[in-house]
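Going by Swiss-Prot, these are the annotated features:
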{"type": "REGION", "residues": "1-34", "note": "region 'Disordered'"}
{"type": "TRANSMEM", "residues": "36-58", "note": "transmembrane segment"}
{"type": "TRANSMEM", "residues": "86-106", "note": "transmembrane segment"}
{"type": "REGION", "residues": "107-179", "note": "region 'Linker'"}
{"type": "REGION", "residues": "180-601", "note": "region 'Catalytic'"}
{"type": "ACT_SITE", "residues": "Glu273", "note": "active site, charge relay system"}
{"type": "CARBOHYD", "residues": "Asn337", "note": "N-linked glycosylation site"}
{"type": "ACT_SITE", "residues": "Lys405", "note": "active site, charge relay system"}
{"type": "ACT_SITE", "residues": "Asp481", "note": "active site, charge relay system"}
{"type": "ACT_SITE", "residues": "His579", "note": "active site, proton donor"}
{"type": "CARBOHYD", "residues": "Asn583", "note": "N-linked glycosylation site"}
Amino acid sequence: MDSRRRSPTVTAKAAAGELPLAPHEGQNQQPSIPRSSDVLPLPLYLANGVFFTLFFSVMYFLLTRWREKIRNATPLHVVTLSELAALASLIASVIYLVSFFGLDFVQSLIYKPNNEGWEIEEEILMVEDSRNGTNCTTLGCAVPPPSVPKIAPVVPQQPSKMVIIEKPAPLITPQNSEEDEDIIKAVVAGKIPSYSLESKLGDCKRAAGIRREALQRITGKSLEGLPLEGFDYASILGQCCEMPVGYVQLPVGIAGPLLLDGREYMLPMATTEGCLVASTNRGCKAILASGGANSVLLRDGMTRAPVVRFGTAKRAAELKFYMEDTQNFETISVVFNKSSRFAKLQSVQCAIAGKNLYIRFSCSTGDAMGMNMVSKGVQNVLEFLQTDYPDMDVLGISGNFCADKKPAAVNWIEGRGKSVVCEAIIKEEIVKTVLKTEVAALIELNMVKNLAGSAIAGALGGFNAHASNIVSAIFIATGQDPAQNVESSQCITMMEAVNDGKDLHISVTMPSIEVGTVGGGTQLASQSACLNLLGVKGASKDSPGANSRLLATIVAGSVLAGELSLMSAISAGQLVRSHMKYNRSSKDITNIASSQLESDS
């Protein structure tokens, strides 16, 4: 605000000996507007003090005179010389104060800050950091400003064996504008934190490009194969990813149609594993030819379990009894449900370990996956309990009794997210013609592999062939959290003979499918398109939570198809042959190695 003490047009060059961070070409420069305080000969603090004192003094004088005229019935328009002087002083002080303080506020709303308006103090701190830095080469920290070496093409050493990968591409850097080049050098030197580029530049794509180039210069490694163009970086700002330098391309295959609950679905699967989409597609074909699959949603509730500590185990038990008392549930629900109109507390489960109490809250979350929603509700309850339990020490909003992104028996038994069971009856003819195996062989293999074999391995929720394959592929395609594949893939696959032993009954039971159709990565363009393909894009307008529940049943139905096909391939001895045919690189490694040796010699 003080133009004589802190000028927004002072450049970094004057402060740190470097070029200023100029705005991108095409951006307008912020005009330098004079202020009333610049024309006064007094120091700024004296000028402000004089006009503040003058304003309040004449205001007090005029109000006093106004009250006296009212008491004496004197006309208000009759003024004395002193009153005229007071009015003039009031107007002058108002003009000064408004021009000094008011214009700054208006200008901050009208004029967008540019790169030259960055705070001089921040640039001085950056210079100090660069002087004090030692061997730090991280993008977000300060490093000494060494001269940037020229990056030569990366050439691998002469190998001793014939197995050679393709020659890496040389480090090709695009032509940057002069102002971008200055910013890149400042990031490399550690004078500008890489994480602040988006907020400073106001252009997410430009920030990603500058960060990418700085990363290449710091590491000496090329990112030529990592695409930068063709992505909306503003869509991930503050939501999906920090400090982006590009995006990874993943192929998306389509399996189906999957006939589930009387409706057909085409399944988008993002994967780099050959045979996975083809195998799932074969399972869908067998299910479709047998009349389809049916699903049942058993539970729908996201959980969060904070951990609190008391001075004694007795005191912790008192809170446990209070939380699990049904008479107190309504009170707790009212406090919890304030977090969102979609949040509805379902249950509270407590566990004690010494003086520590773990409180597992479960609530419905609409069409969102719901982790943030349930966490907000838990925070509300903890603040409410603090009144009656002031000795309660909240150690963490999550105490791993939830349990999130970890294989846990509590999820396997109690469920987390959506609990779904999906089943189908596969006709004997389809088992023979499409799956190329026998019903009896499938049942025996399922028992010795998925049940007995998993038990011998000590599996926790892993009584299946490859549920994780299908879950992760659909999760990535539809913008779910891939890390929650850990508990979402917990599945037990059951097979038995029906209809006098002729047909096969197959089912998958999945107690912890954690999905959502709003929030997180679901709002990205590619992932949103995949959700739209399934008919579950966004929030359900008719019934909150219907889209996320439908997505969970589709995931379970897809797992059913994948389990059916893989188990059939193993039973028929086709697994190795199919993977050798479809899951190997088509590149001739020997020819690549020979050409590589010739080019290097």
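Every residue gets a Cβ built from N, Cα and C, even glycine.
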Rounded mean pLDDT for the residues that make up the region 'Linker' (107-179):
47
Considering only the recorded positions Asn337, Lys405, Asp481, which residue has the minimal Cα-Cα separation from Glu273 (active site, charge relay system)?
Asp481
When DSSP is mapped onto helix/strand/coil, what comes out for Glu273 (active site, charge relay system)?
coil
If you count Cβ atoms within 10 Å of each one, which of the active-site residues Glu273, Asp481 comes out on top?
Asp481
Sorry to bug you, but what's the C-alpha spacing from Asp481 (active site, charge relay system) to Lys405 (active site, charge relay system), rounded to the closest Å?
10
Express the distance between the Cα positions of Asp481 (active site, charge relay system) and Asn337 (N-linked glycosylation site) as a whole number of Å.
25
With every protein chain in view, how many other Cβ atoms are within 10 Å of the Cβ of Asn337 (N-linked glycosylation site)?
16
When you measure from the Cβ of Lys405 (active site, charge relay system), how many other Cβ atoms are you left with inside 10 Å?
16
For Lys405 (active site, charge relay system), name the DSSP secondary structure in the helix/strand/coil scheme.
coil
